[in-house]
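Structure, as structure tokens:
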Amino acid sequence: MEQLFLVVVSGIASGAVYGLLGLGLVIIYRATDVVNFALASMATLAVYVALMVVDRGLGVWAGLLAAVLVAVVVGLLVREVLLRPLGSGRLFAALVMTMGVSLVIEALVSAMWGTEPRAFPPLVAGSVSFGSAALATQDLVVIGVSAAAMLAVGWLFTRTTLGSAMRAAAESATTAQIIGVPAQKVARIAWALGLGLAALASVLYAPRVGLAPMVLSAPLFRAFAGIFLGGLTSMHGAVIGGVTIGVLENLAASYVSANFRDTFVFALTVLILLLRPQGIFGTRSFERV
Amino acid sequence: MLDRRTGVLAVLAAVLALVLAACGGGPQSAAPGDDGSGPITIGAWIPLTGAQAASGVPQMEGAKAYFSWLNENGGINGRQVDWIVKDNAYDPQQTVQAARALIGQDEVVAIVNANGVAPSEAAFPFVLEQSEVPIVDHYGGIAAWYDPPRPLLFGTQTLYEDQAAAMAQWAVESGARRLVVVHDDPKAFADVAAQIGPAATRADGSTTTTAVPVKLGTTDFAPAVSQVEAAGGDAVMLILPAPEAAAYLKAAQLQGVTLPTYGYSPTASSTTVTLAGAAAEGFRAVSLVRAPTDQSPAMQQFREVMATYAPSQPADFSTLLGYANAAVFAEVVKTIQGPVTAESIVEAYRGASAVDTGVAPTMSFSADQHVGTRDVQRVTVRDGQWNAEGDFVSAPDRS
């Protein structure tokens, strides 16, 4: 029973990271119709900067702050300089652009910091015992910080004027503009928020596996699985989808077969999408004409 | 109208012929020749970008440092070595392109210290069969490459299967009788892991082995550690890449699973110690080269060469592997009297025995034996550093 608890909590910690990344993707997608494949590489760049801050003795929390700032600045630069000039409705052009940006940033990170994995310190060291099992305190912090960030985003979107404006813009940018919602400002805030969440996810994830130029490739893949499971347009769907993926993959590895871990998880995702193509929490959308 | 069309077709045919020639698409009638005076031009494809660059870049820097030192100290029998490296990004298609460029344009006489098992296999037909250019001192490799031996392929690194057998022997010698093998699930890892059981049984008939497969790329080893604990072993054998081995060690430490743990050569890496930190303490691995902390003159020279020619790179296992491969090539080619060609290099390798670089096991090749060694160096992490346990030891016979 203790082992099951360990497997589930550890899976929730992994899933929280996928959920944060997924949430960042969904916020950006809803506000600007851009599926940002460069999200992970921008966040990785930010974590390398965070490591520089940590190495200067300023502490890991200062590193976290630096990571969020860098990710937001880089994200806004990419949007304003490369994506905004494409104009609206250029979904595939924007998609390809973010893929290209991702590759460029990966190359930049490799050139600047090398390709050898580096250790990144946890926010909190130590462990907590549960019977014969033990959990890294960092895992509990990951869950707590992620939950707090997700609740803050939920509060922003449901309880503030800005959140209402962002939701209005997400429903229809044109209509929102007619009623006085500044679409570009909303888009910039969405990118900043999305990149900030991705940077947070990366700082929480890096201590587990070390920091390398492509460290977030696998979590990004799972975050995408999570948002398709939860619903591409649903913010709480992205979070729940990510956590579900994290827990399921741990359960599958422990009680089904490591060989079929991903197969099991993604077969379930495919099954759910067959039954409900818009994802569990997504809403059906009509083709634009 | 017909003349005009014919003319266009002729121009297209000429352009096609030029493109094919530039790509090296036609068969090479013979390996490039050698006038006996200019530089010895050799090449390699190495992943310098992408996920595998973490091993490729230091491997290249180590070999480059060696060749720079060699050239400043007389080269090979007075001839400079021009080692041309192409980035293959660990991609088979890009590797074939790199091979075509190296052979067709740069006219290398051999591929030396290349990297990438699957990518290299994609280039074998063009390099080994069509162009008849030898591939020597490949970084990594599989048993099927050398059994039966291919005429133009020579290796310098103890096969992973032999490393697994050497790990098993070490564990049994240390008193372990119930081994738990944690390995990644792809066949390349599973086949290596499968060698541990038989080798352990040959060392002691009472030994049992339990396999715990994990998914390649696993970052959360809590489930695997639970399975190791449930298996009730007295030693753990890791057939995992270094970052995953580090993640396992950290998870095991967290759960209080303190069994003696062994790894194969990819885990004998500074990455394991960097990422696992204190959890790496006591971890044992078999290495293809001497421990970077070794105080022998050859290893001191290695550290000096790295400090001089590649000061931004650490003098660690990764750079040492590239350095060692380059050194083996130089030692073998030194024995060539006359032109250095593809043919003479192959002949030199076939006849090379007791090739001693001081940093890797002593190598011996023959017409039937194209892997120069079956030896490994046992190393253990103590005080955050890899330390040697005695000298090189031979892997037990697997037949």
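For all residues, glycine too, the Cβ spot is worked out from N, Cα and C.
Under the heading transmembrane segment, TrEMBL lists A:6-27, A:34-54, A:60-79, A:91-113, A:133-157, A:186-205, A:211-232, A:264-283.
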For this session: Run the contact check on the transmembrane segment (A:91-113) against the transmembrane segment (A:264-283): 3 or more C-beta pairs under 8 Å, excluding pairs closer than 6 in sequence.
Result: no
Exercise. Which of A:6-27, A:60-79, A:186-205, A:211-232, A:264-283 has the most Cβ pairs closer than 8 Å to the transmembrane segment (A:34-54)?
Worked result: A:60-79
Problem set entry | Maximum Cβ pairs under 8 Å to the transmembrane segment (A:60-79) - stretch from the list A:6-27, A:133-157, A:186-205, A:211-232, A:264-283 | A:186-205
Problem set entry | Among A:6-27, A:186-205, A:211-232, A:264-283, stretch most in contact with the transmembrane segment (A:133-157) (C-beta, under 8 angstroms) | A:6-27
Problem set entry | Long-range neighbours of the transmembrane segment (A:6-27), counting only residues six or more past its ends (CB under 8 A) | 35-36, 39-40, 43, 130, 133-135, 139-140, 142-143, 146-147, 149-150, 153, 190, 193-198, 200-201, 204-205, 216, 219-220, 222-227, 230, 232-235, 237-251, 254
